[in-house]
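Worksheet for the structure shown next.
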Amino acid sequence: MNRHLTGKQKFAFGFGAIGKDAIFNIVSVFLMFYITDIVGLSPAFVGVMLFVARIWDAINDPIMGMIVDNTRNNFGKFKTWLVIGTLINAVVTVLLFTNFDLSQTAMYIYISIIYISWGMTYTMMDIPYWSWLPNLTHDPREREELSVIPRFFASLAAFTVGTFGLFFIHKLGDIFGGGSDSTGIFVFAIICSLIFIFTIGVTVFKVPEDQEMEKLIGIKVKFKDIGRILFKNKELLAIMGVLLTFNLCLQTLNGSIIYYFKYVVNAEHLFAIFNSMILCEMVGLLLLPRFIKWVGRTAAFNTSIICIISGLLIILISGYIAPQSMTLIIIGAGILRIGSGFMVGITTVSLADVIDYGEVKFGQRNESIITSTNTFLTKTSQAVAALIVGLGLSILGYTPNEAQSVVTINGLRIMILVSPLVFICLAAFLYHKAFNLKGDFLTDIEKTLQYKRQREFRERIK
């Protein structure tokens, strides 16, 4: 009873990631910059605010996963919450980048409330989107190919927002606000939100939801079950560690690199060049399925680690020997992004394998609760990275829009490039020492699950 999707359906599912990740990246890349350089609030406040918001997410995200798993209607549990979450999050994103020119105290309160609301509504949409992926196909090879498509479109969104975001903000500010970046980022947020609604709409209306399988394994989940689902599954805990450390590597880099190019090497234009190398991440994602067939998933993972470390070292060294060299930035960022493309694809399909493992070992898939860990860890890494960057900038004596001291410049080098190196090495350690869904063990899980499916199907048609 293997289920297969048409090429158009695979494309439509992945297409939704364009808008979804455009929204994520405008917050990930520009929120710190917006709050510190446009609104004029403390960078330390931003770091602490994001970190505190994640404490709430630790409770909220698994509960949202439970709500999705327990939803039963004719529209489909994934589509229902995907639509609701998208519409609300689009509005909240616009509000997040709306500068009402309030007093400083009022702005601190406003930003805090709206950002926490943004995190909750993003969860409402992101969990059903990624929970849906493991149910779209049960064939392991097709799943590897399918997992790459939304990640490719997500990288396309990250490339567009990261590379051209500042240009759009400045240009829109000139057109609608007389040169005001505050107006520019507000209009940019509106555009991203409209794209978000459109692309998710294509996914919802073009991709069928497999409600028959939901009926087969549709055991109602209670709140008390969440702890067991999350903490009894050792493979889930292992991949959570890999996801957290990998995301911390990227988020620390993404959240601070704009300061590096602007103040350390005095070449702000290199920020756009650096972000344009997300094209290489897209290439890495496209190459990944064939590369895995050639060398295996573990070797592909090792290749990704080597590429990320090599890219970071090239950028670090270039900052000393040729600070404004576009060529070295292109080479370093390009190698790094090929590695991150491999890593994103591998972790996505690995989380889907964990859902299969949970069904074999515990008799329940719990797609949304398990996938909620990915959403939570992504936001957690964003918050921890913002905390590192925000507190780091304050400790180093960073002053916006002014020349920085030697201490600040050297501190920025360490924070921006050495921290990601530490995090990616931790990710490699956890994948090799704690995560076991590889090789023969994964093959055994796939065969056991296929037998289980066939038995359940025969019993159902009797």
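Cβ coordinates come from backbone N, Cα and C, glycine included.
Annotated transmembrane segment per Swiss-Prot: 26-46, 48-68, 80-100, 105-125, 152-172, 185-205, 238-258, 269-289, 303-323, 326-346, 383-403, 411-431, in sequence order.
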Criterion met for the transmembrane segment (411-431) and the transmembrane segment (303-323) (at least three Cβ pairs under 8 Å): yes
Segment proximity, the transmembrane segment (80-100) to the transmembrane segment (238-258), 3 or more C-beta pairs under 8 Å: no
Beyond the flanks of the transmembrane segment (152-172) by 6 or more, those residues with Cβ under 8 Å of it: 14-22, 24-26, 29-30, 181, 183-185, 187-188, 191-192, 254, 271-272, 275-276, 278-279, 281-282, 285-286, 341, 344
Stretch contact, the transmembrane segment (105-125) with the transmembrane segment (26-46), Cβ-Cβ under 8 Å, 3+ pairs: yes
Chain residues outside the transmembrane segment (326-346) and at least six past its termini with a C-beta under 8 angstroms from it: 144, 147-148, 151, 154-155, 246, 250, 270, 273-274, 277-285, 287-289, 291, 297, 300-301, 303-315, 317-318, 427
